[in-house]
Amino acid sequence: MDAGSTGTRLFLYTWTSNSDKELIDIAPALDHLNNHVVKKVYPGLSSFQDRPDKAAEYIKPLLDYAAQFIPFEKLPYTPVFLLATAGMRLVPEKQQAAILTDLHTKLPQMTPMQIMKEHIRVIEGKWEGIYSWIAVNYILGKFKIKNGTLTSRPDTVGMIDMGGASMQIAFEMPPKDEFRSENVENVNLGCRDDDDRHKYKLFVTTFLGYGVNEGLRKYEQHLSDQLLATKESYVRDECMPVNLQKVINRSDGSMFVRKGIGDWEGCVKRLSSLLTRPYVHPKSLCKPNCFLGNVAAPMVSLSSMALYGFSEYWYSLDEVLSLGGHYNYTLIAEKSKQYCSQRWSVIQAAARRKLYPKSNDDRLKSQCFKSAWIAAVLHEGFAVDKEHNNFQSAFHIAGQEVQWALGAMIYHMRYFPLRNSASNLVVSRLQASA
């Protein structure tokens, strides 16, 4: 289960293992209509910080739902994973512990499935990135080794996942790269520690404050600071459609107005300058490479790497522009300029005629900024070349929605082939969450 900030989502997976020399074969479990078994409950687990004794009761409907799709005799052998993310990380330690204790204590009494204390916990943001990287590459078949040798291992892909508050990046580093950092993680997906075929050295990190909503907050603070210096009450804003206005309230009770002038290229340029300010330390200390002007990174070219963008990279390119998939900067810039240079009244009229069927009013208002933000981050923050790159945005890969729950399952179940190596074929069902 993925215990996120707004809700907890259950994913049910099945797995088979043919050999302790191969990764386990995992697939989403299907219901009677051949849909993936998925269910979400609201609000987020973190909302129980003032009533931690209700946490297990909140999770129970998910376990009951999953049990409908698991053979009765397999229930005692079905492990449950509940991994909590950003919302729970913000809960004070004492309340966080109380919530986890309620889950550890009561869930074993609520279900015959396997409940283990170490499988119910709060994870670091870095591990969300690792699990996502595993999921993407697993779906793409990048972990299949043709000749069983390390030299025949396929090249993996990198990924960028941009949410509202934060953004994560993960990619494989060359084995001989000498770069050292807390953001380098050695990951073994195999069941044997002495087998290097499934060992990967990853660069993975979370950029707090660089999600699209936090990016907007930074931008509006930048505008506010500029206006305080000039004593003006409004700003001509490149990052909104023409004539759209937004009132921004400051913490001291004053306010200012953003008045849209619809200049997408100007917006990208302004946001790019924000991204390169050294928020953490001087660029001279950011070696050998620098991401977003403040995070030291290995000397790799993200332009030549196969790179996938998820979440906001998909929404901002697909919902209004219908340009999700292979990344074509020239076309994206052209359509973004066309959209943003329209009067807001024209966009509203088009929306009433259902010309933007995938977008709500909030998306239409924020599209100019969001599409400019993801472009600035990609090209200025990560130095991905605008014309020569292997970037694409994605929501589904091979017909499957990419969820880090799958990556968590692959990682945490990696020892099962070893436990069952006495058997030629082991089939089990398990429920995972991430």
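Glycine too: its Cβ is placed from the backbone N, Cα and C atoms.
Annotations in TrEMBL come from automatic prediction, not curation.
As written in TrEMBL, here are the features:
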ACT_SITE  GLU128  active site, proton acceptor
BINDING   GLY164, ALA165, SER166, MET167, GLN168  ATP binding site
Alpha-carbon spacing, ALA165 (ATP binding site) to the residue listed as 'active site, proton acceptor', which is rounded to whole Å: 14
Densest Cβ neighbourhood among SER166, GLN168 (binding-site residues), 10 Å radius: GLN168
Candidates GLY164, SER166, GLN168 (binding-site residues) with Cα within 10 Å of GLU128 (active site, proton acceptor): GLN168
Among ALA165, MET167, which are binding-site residues, the residue with the most C-beta atoms within 10 angstroms of its C-beta: MET167
Residues flanking the ATP site, with Cβ no more than 8 Å from the Cβ centroid of GLY164, ALA165, SER166, MET167, GLN168 and excluding those residues themselves: ALA86, ASP161, MET162, GLY163, THR206, PHE207, LEU208, TYR210, GLY211, GLU214
Tertiary neighbours of GLY164 (ATP binding site) (same chain, Cβ under 8 Å, six or more apart): GLY211, VAL212, ASN213, GLU214, GLU312
Neighbour count (Cβ, 10 Å) for GLU128 (active site, proton acceptor): 26
